[in-house]
Amino acid sequence: DVLDPERLIQCPLVKHHLIRARRFPYHLVKCKESNPEIAKKLATCPFNARHLVPQDDLSDHIMKCNDKAFVEQDVASWSCQPPQEQLNNGSTWQAPPCAEDWET
């Protein structure tokens, strides 16, 4: 199951590292720091920061990345329906009434 936080994922930096999905983002940060020479050879996917691929393969990965559809869908929905704040040409936030009197 792709959404199971307990599933094991292979580290793209050190192949014998198997990490639980819920810990994977933290592992990537630490593993990049511990293996800077390997990390230099890898590129981060613009659609999912958990995807580290060899720099030479990045363009191919971008074309095939499953997360690309989610990003494109979000961008399309933004352009079709702008957020309500943008329609009002300003912020809709209002400060709550304050009962404090700082002068006293």
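Including glycine, each Cβ sits where the backbone N, Cα and C put it.
Note: TrEMBL annotation is automatic and uncurated.
What TrEMBL annotates here:
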type: DOMAIN; residues: 8-35; note: domain 'CHHC U11-48K-type'
type: DOMAIN; residues: 42-69; note: domain 'CHHC U11-48K-type'
type: REGION; residues: 82-104; note: region 'Disordered'
type: COMPBIAS; residues: 82-94; note: compositional bias 'Polar residues'
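On the 0 to 100 pLDDT scale, the domain 'CHHC U11-48K-type' (42-69) averages 92 in the predicted structure. Within the domain 'CHHC U11-48K-type' (42-69), the DSSP-based counts of helix, strand and coil residues read 12 helix, 6 strand, 10 coil. Here the domain 'CHHC U11-48K-type' (8-35) has, by DSSP, the following mix of helix, strand and coil residues: 14 helix, 6 strand, 8 coil.
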